[in-house]
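Chemist: So TrEMBL has the following annotated:
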- 20-44: transmembrane segment (TRANSMEM)
- 92-496: domain 'Major facilitator superfamily (MFS) profile' (DOMAIN)
- 133-150: transmembrane segment (TRANSMEM)
- 162-184: transmembrane segment (TRANSMEM)
- 190-211: transmembrane segment (TRANSMEM)
- 218-238: transmembrane segment (TRANSMEM)
- 244-265: transmembrane segment (TRANSMEM)
- 332-350: transmembrane segment (TRANSMEM)
- 362-383: transmembrane segment (TRANSMEM)
- 404-430: transmembrane segment (TRANSMEM)
- 476-492: transmembrane segment (TRANSMEM)
Amino acid sequence: MKFEDLITQINGFGRFQKMLLCISFIGRFAIPCHLLLSNFIAAIPSHHCDISSLDAEGIFGNLSREQKLTVSIPAQDDGTPASCHMFSYPQFHLLTNSSSFLSSLSHPKKIYFPFLLISKWDLVCDNKGLNKAVTSIFFVGVMFGAAFFGGMSDRFGRKPMLLVSCISGMAFALASIFSSSFIMFAVLRFFSGFTITGIAIVSTVLNVEWVDIKHRRLVCIIDSMAWSVGSTSLSLIAFCIRDWRWLTVAVTSPLLLSTVLWWWVPESARWLIANGKAEKSHYYLHKCAVMNCKEEVISKIKPEALSIIVTDGGKKNYSYLDLVRTPKMRRLALLTGTIWFCVATMTYGISLNITGFGLNMYLTQFVYGAIEIPSKLMVYYLLEKIGRRKTEAGAQLLFSRVTCFAWVGRTVVAVLGKGFAGAAFCTIVLYSSELYPTVLRQNGMGYNSFLGRLGVSVAPLVLLLDSFWGHLSQTILCSVALIASLVAWQLPETRDRCLPETIEDVEGKVSLKIMTSGRMRRK
């Protein structure tokens, strides 16, 4: 008996699986909020130097705010106040529209935006680079955290590492609002990214390992929808909460609920069996059967019988090196890693290259999140009709076509590009989790996520190439998407196939293909 047969008999998508999916959804909701948080807390609006010193009594007290700006802030060519300079002493003659101009030095002063991060450490003008560095530091943390939690989850289990990710991610995020220096804030943001990414890669694998074959695509779509809902909701939360500290608290609060609900999260029965813990696996399978009203099925199966699902009996500890020890595993790691890198590069490349819809940042963020919802519903239909490989390759091929026609209009490119990129990301997450064996699944997902975050880091560098030729970045993104599409065609189809349990399964020593119940495909 395959594990899928057992899961199907105890209801592969019953109340037990739905409970797990709901708990995971809450934690995953917070992930996009944190990944996109810098769009709001590190935003740089139109600004000028601080003129609060002109509020003193005397002649300044009789001036309106506009007059204070006129005598203290130099005007730019378009008539707006300069962002980074201030007169060294008031220029009262400007109030009389005098043609004479007093010679004066201008110098930067502290700006005044008490509810934004930029005012905390003057992250504008000469320090503007530090503002961008915070985002980069956060994503570097996400990149290394993906590799860490992927390996640790395969060694110590899905459930304990999920708890570590929730508690530590919440702790570092909340600690960052009490930072006394920019360096302290940057370090805490690094560890926030490092720890919070574990929720994404652990919960995805845990959900896939607990459902039957025909419901894997549904679970993938619901998991992915958590990103879209979180991304869309972030714009509403940020619109209502303007203070960067309270905004950080608001988007971190779902992790507190996730930590409480963690007690109802089961360990992966597949992982337990693969690591020689049949008794514990039988315990969770029994809980699943009872909740799904299928207790009579599991009562007939002894814990010892579960060990036949794997061949190594949990006698080996696996690491990232096992991804490259054998020929087919090595080829699989190379192909999936390339796709993840390309998908991340093109997704963030197209997003960062769109300056906006002419809307404010809250509405733009809302539209970006909402765009992904119809594309993922389309993926749900295509995964069953044409399979994982064609859906992944097709989404990236269409992305490349859209990118090539970027001159048609940035708004059109933003809408279509985000849609196809969302479809590609949604598909590759499910596809990768189905390709890697249980004993290496978290290592594989951690490795892929690491390369994906590396692609995120490369995307801004690609956009800088527009200084040499206006369409160079679009050309590169188009080429990257085409490469990913071609690579995707080299992967095996996983539709209606059992999840591989061991490396031997991937290497072809065990046949994995099964027929869906009561249905046979035409050849």
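Backbone N, Cα and C define each Cβ position, glycine as well.
Any TrEMBL annotation is an automated prediction that lacks curation.
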Chemist: Mind checking which residues of the chain, 6+ beyond the ends of the transmembrane segment (190-211), have their Cβ under 8 Å from one of its Cβ atoms?
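Modeler: That would be 7, 12-13, 16-17, 20-21, 24, 27-28, 30-31, 34, 137-142, 144-146, 148-150, 153, 158-159, 161-162, 164-166, 168-169, 172-173, 176, 218-220, 223, 255, 258, 265-266, 268-271, 288, 429-430, 433-434, 438, 441-442, 445-446, 449, 499.
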Chemist: Which listed range (20-44, 133-150, 244-265, 362-383, 476-492) shows the maximal number of Cβ pairs under 8 Å with respect to the transmembrane segment (332-350)?
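Modeler: Counting Cβ pairs under 8 Å, the winner is 476-492.
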Chemist: Counting only residues 6+ away from its ends, which parts of the chain sit with a Cβ under 8 Å from the transmembrane segment (244-265)?
Modeler: 19-20, 23, 26-27, 29-30, 33-34, 37, 40-41, 115-117, 120, 159, 162-163, 166-167, 169-170, 173-174, 176-177, 196, 199, 206, 234, 237-238
Chemist: With pairs 6 or more apart in sequence, are the transmembrane segment (218-238) and the transmembrane segment (476-492) linked by at least 3 Cβ pairs under 8 Å?
Modeler: no
Chemist: Would you kindly list the residues that approach the transmembrane segment (162-184) from elsewhere in its chain, counting only those six or more residues past its ends and only Cβ-Cβ distances under 8 Å?
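Modeler: Here the qualifying positions are 27, 34, 120-121, 123, 130, 149, 152, 191-192, 194-199, 202-203, 206, 244-245, 248-249, 252, 255-256, 258-259, 262, 265.
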Chemist: Averaged over the domain 'Major facilitator superfamily (MFS) profile' (92-496), what pLDDT does the predicted model reach?
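Modeler: PLDDT averaged over the stretch: 80.
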